[in-house]
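Visitor: I'd like to ask some things about the structure below.
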Amino acid sequence: MGTSRQDYLDTLTSRFYGTVTITKSFLENEIYISTSKEKLIDICSYINSTFQASLSAMICNDERSLNKYFKIYYVFSLPEEDTFLIVNIPVSEQEPVFPSITPKIPAAHWYEREIKDMFGLEPVGHPDPYTLVLHGNFPDNTYPLRKDFDVQTRLPHLESKLPFKRVEGEGVFEIPVGPIHAGIIEPGHFRFSAVGDSILYLDAKLFYTHKGTEKIFETMPYTKALFLAERICGVCAASHATGYCQAIEKVAGVGIPPRAKFIRTILLELERLYNHIGDIGNICAGAAFHLGSAHGFRIREYLQLLNETITGNRYLRGMITIGGVRFDINNDLKKYIVTLLTDIKKDFKELTDIMFASSSLMDRLETTGRLPAETARGLGVVGVAARASGIGRDARVNHPYAAYREVDFDVPVFYNDGDVYARVRVRVDEVYQSIYIIEQCFDKMSEGSIKTSVKELPPYRQALSYVESPRGENIYWIMTAPDNRLFRYKVRSPSFCNWPAIPYTIPGNIVPDFPLINKSFELCYSCTDL
Amino acid sequence: MSLASNIILPMLQIVVIAGLAPLVKGFINKIEARLQCRRGPSIFQLYYNLVKLLQKDAVVSETASWIFRATPYVTFVSILIITLLVPVLSSHVPVNFAGDVILIIYLFALGRFFLVLSSLDTGSAFGGMGGSREMMVSAMAEPAMMLSIFTVSLAAGSTNLGNITSTMLNTSIILLNPALFLAFAALAIVIIAETGRIPIDNPYTHLELTMIHEGMILEFSGRYFALIEWASCMKLLLLLTILVNTFLPWGVAPGLTFSGLILSFAVYLVKIGFFAILIVILEMSFAKIRLFRIPNLLGTAFVLSLLAIISHYMVS
């Protein structure tokens with residue numbers, strides 16, 4: 001493994017001799033490649049096309065207090081290796097522009113717009129350089145993530161100036177949906193251009209509830225920030241908590257006890273289980289297949305009750321902590337979990353058998369909301385949606401964390417379809433894999449402590465952390481500050497990657513199928529809208 | 001006799017239909033919940049809803065005209081009139097002279113016409129969408145409904161539902177007659193479409209983009225909404241009544257004796273309950289079909305009703 005990682009670096013050095021500086025991080029699988037704005041596009045597209053490395057995240061950081069520059073980090077994940085190549089460029093305040101890589105790597109499009117909104121750095125050459133997060137109802141020249149923006153600032157509310165894309169023609173009309181929706185969900189505005197019930201174009205406007213989460217991380221001691229991290233999103237609490245704890249443990253150079261790793265793995269898989277089964281119920285509700293939705297919710301309820309038994313919280317909150325986990329799982333509880341999961345497996349099998357035998361449901365699911373593999377790859381789609389479109393990416397395999405190196409499991413990938421049905425099938429198959437992983441964890445788990453202590457954080461250290469949440473790969477990037485605080489904590493959720501893909505799956509479908517397609521992606525507003 | 005048929009019978013019909021309609025829907029909801037392993041709301045829940053809504057003030061969009069305010073009354077009254085044109089417990093129809101089955105079809109259409117207008121009136125995007133879909137469904141459901149009822153009319157020699165029921169009671173025309181059987185099947189499909197049940201429409205959804213009937217009435221609130229909800233419950237019960245009393249009229253009292261009416265009521269409850277359970281089973285076994293497949297299903301109903309008429313002439 002070491003040699004082939006070196007091969008990549010040698011190729012890069014020889015190809016771009018003199019224009020790149022390669023720094024190995026204290027972490028083995030993170031390699032920082034510093035370069036200049038001029039060479040950026042070449043290097044990024046080289047890494048992307050020659051190494052087949054996908055853009056996992058783009059992080060901007062206001063390091064003016066340290067080295068007078070903003071820095072932008074482009075995180076690429078190598079396909080065969082557990083290695084991240086982190087290309088970075090400095091951008092000065094006097095010349096707040098950087099070359100847009102979106103024309104070469106479309107996956108960068110939202111990141112660059114986000115950086116423009118939050119840091120005021122302009123991506124030059126971006127094909128769609130509109131505001132993304134702030135909707136134009138923030139005053140001009142307000143860049144919330146710059147260090148000179150005080151977290152207490154109260155801003156006047158201005159009218160949004162963000163235009164919608166329109167389709168013109170005879171019989172074309174617009175259907176505005178949201179931002180307030182009928183269910184108890186978060187706000188998002190969808191603007192359909194349709195002829196009758198056939199959709200021609202969908203423009204989605206999200207980011208209605210910008211909460212300044214990343215900014216608040218910079219004001220907190222690291223111990224307290226765990227609670228914020230865990231509350232980024234309701235249904236990915238275990239993933240976000242694990243991601244944060246792993247980041248802190250990495251910068252602190254602390255390894256956690258093996259038993260804690262296994263317990264974390266169990267919790268993460270329990271989270272996947274209740275999400276996937278609940279999502280399958282929701283997809284049935286989207287197709288008005290009430291039998292399926294009722295039983296999906298019933299099984300999800302068993303799992304959430306189980307969550308409460310294990311952690312005291314239905315959403316698995318409060319269990320994962322820096323340095324390990326808070327509570328152990330004893331033998332009685334273990335037996336209870338294993339028996340319950342066996343029952344659930346049977347119950348779930350019965351449900352999916354009924355679902356897949358129903359021709360009317362299958363008619364709704366098949367061919368609906370197709371996401372072609374090419375589009376998915378271009379936009380950097382992750383998680384269930386990617387695997388349903390033939391992209392076999394899974395952070396648990398590509399970049400193992402917790403105890404995933406020690407357990408055996410398959411990652412289901414569906415190659416030709418990318419429709420709602422494929423996304424359902426991925427979830428169904430993953431449910432069995434999750435149960436299998438949990439059973440293995442219990443078998444392989446040895447007795448021992450469940451927590452190590454973390455005390456001091458070394459300042460100005462950087463690390464990546466990654467978790468495959470039920471929705472896909474979460475990427476976190478941390479940089480510490482003195483006094484056990486965080487200089488920057490970037491959260492890149494799977495929903496941020498997958499939202500832009502939804503409008504591409506819609507044209508050609510009919511308006512009443514949109515809720516079904518949307519549910520099959522099951523994206524989170526809160527994770528996107530930090 | 002004249003007192004009974006002129007005063008008591010109309011009152012009785014209105015009490016039975018208007019009074020029972022929420023119960024039938026509540027019964028459907030309850031059975032459906034039980035089949036989903038849920039406890040479900042009480043079967044009287046719709047009465048509570050109606051009482052609550054009737055006490056509430058209505059919020060009306062600023063852009064809405066008199067049509068929006070008139071619609072609940074037009075819809076409710078048109079359904080009430082239909083109540084008097086349908087044989088429920090007795091084959092005597094209260095306002096026999098006023099009109100026949102064609103009037104009934106047009107009264108249904110009148111209520112729907114106003115609902116569609118009001119859905120456009122508020123300027124809400126969902127209303128217009130629901131309205132246009134409702135028109136698409138009804139444009140295909142109505143011909144099938146007419147043809148299947150005409151088949152029965154041809155068999156019974158009258159377009160008056162009361163006469164049809166008594167003819168069916170007195171003669172040996174039964175469902176085994178292929179024409180009637182086909183007409184029955186066609187009408188059953190039409191009823192599913194007309195009342196907005198799965199697999200055509202989903203009455204339980206909160207997803208506005210998928211709605212047909214519910215999309216049209218989204219803007220109604222308070223007492224207006226109560227009238228529309230009540231009318232839609234009554235429409236379901238009336239259509240079921242037409243179905244059972246035309247095709248399966250056994251037990252319907254031929255005259256107006258007290259004991260006859262009691263027996264008839266009991267049989268009526270059993271028959272309606274049976275069909276309500278059939279609707280539940282149907283709704284539990286299917287997902288909602290794609291909007292653009294609705295024409296296929298209603299086309300089937302139309303073809304069945306056409307075959308019904310043809311086979312009537314061929315057999316008789």
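Quick reminder: no glycine exception, Cβ is built from N, Cα and C everywhere.
Just lifted these from TrEMBL, have a look:
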- A:Glu214, A:Val491: Mg(2+) binding site (BINDING)
- A:Cys233, A:Cys236, A:Cys524: Ni(2+) binding site (BINDING)
- A:Cys236, A:Cys527: Fe cation binding site (BINDING)
- A:34-153: domain 'NADH:ubiquinone oxidoreductase 30kDa subunit' (DOMAIN)
- A:295-457: domain 'NADH-quinone oxidoreductase subunit D' (DOMAIN)
- A:458-529: domain 'NADH-quinone oxidoreductase subunit D' (DOMAIN)
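Give me the lay of the land around each of these features.
Guide: Around the Cβ of A:Glu214 (Mg(2+) binding site), 18 further Cβ atoms fall within 10 Å across all displayed protein chains.
Within the same chain, residues at least six positions away from A:Cys236 (Ni(2+) binding site) with a Cβ under 8 Å of its Cβ are A:Glu271, A:Asn275, A:Ser469, A:Pro470, A:Arg471, A:Asn474, A:Ser493, A:Cys524, A:Cys527.
Secondary structure at A:Cys527 (Fe cation binding site), as computed by DSSP, is helix. Within 10 Å of the C-beta of A:Cys527 (Fe cation binding site) there are 25 other C-beta atoms, taking all protein chains into account.
Across the residues of the domain 'NADH-quinone oxidoreductase subunit D' (A:458-529), the predicted structure has a mean pLDDT of 91.
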Visitor: Taking 8 Å from the centroid of the Cβ atoms of A:Cys233, A:Cys236, A:Cys524 as the cut-off, which other residues in that chain fall inside it around the Ni(2+) site?
Guide: A:Ile232, A:Gly234, A:Val235, A:Ala237, A:Ser239, A:His240, A:Ser469, A:Arg471, A:Ser493, A:Ser495, A:Ser526, A:Cys527
Visitor: How many Å lie between the Cα of A:Glu214 (Mg(2+) binding site) and the Cα of A:Cys233 (Ni(2+) binding site)?
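Guide: Spelling it out, the Cα of A:Glu214 (Mg(2+) binding site) and the Cα of A:Cys233 (Ni(2+) binding site) are 13 Å apart.
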Visitor: Relative to the Cβ position of A:Cys524 (Ni(2+) binding site), how many further Cβ atoms are located within 10 Å?
Guide: 23
Visitor: By the count of other Cβ atoms within 10 Å, pick out the sparsest of the binding-site residues A:Cys233, A:Val491.
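Guide: Counting other Cβ atoms within 10 Å of each of the binding-site residues A:Cys233, A:Val491 gives the minimum at A:Cys233.
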Visitor: Give me the CA-CA distance between A:Cys233 (Ni(2+) binding site) and A:Val491 (Mg(2+) binding site), in Å, as a whole number.
Guide: 11
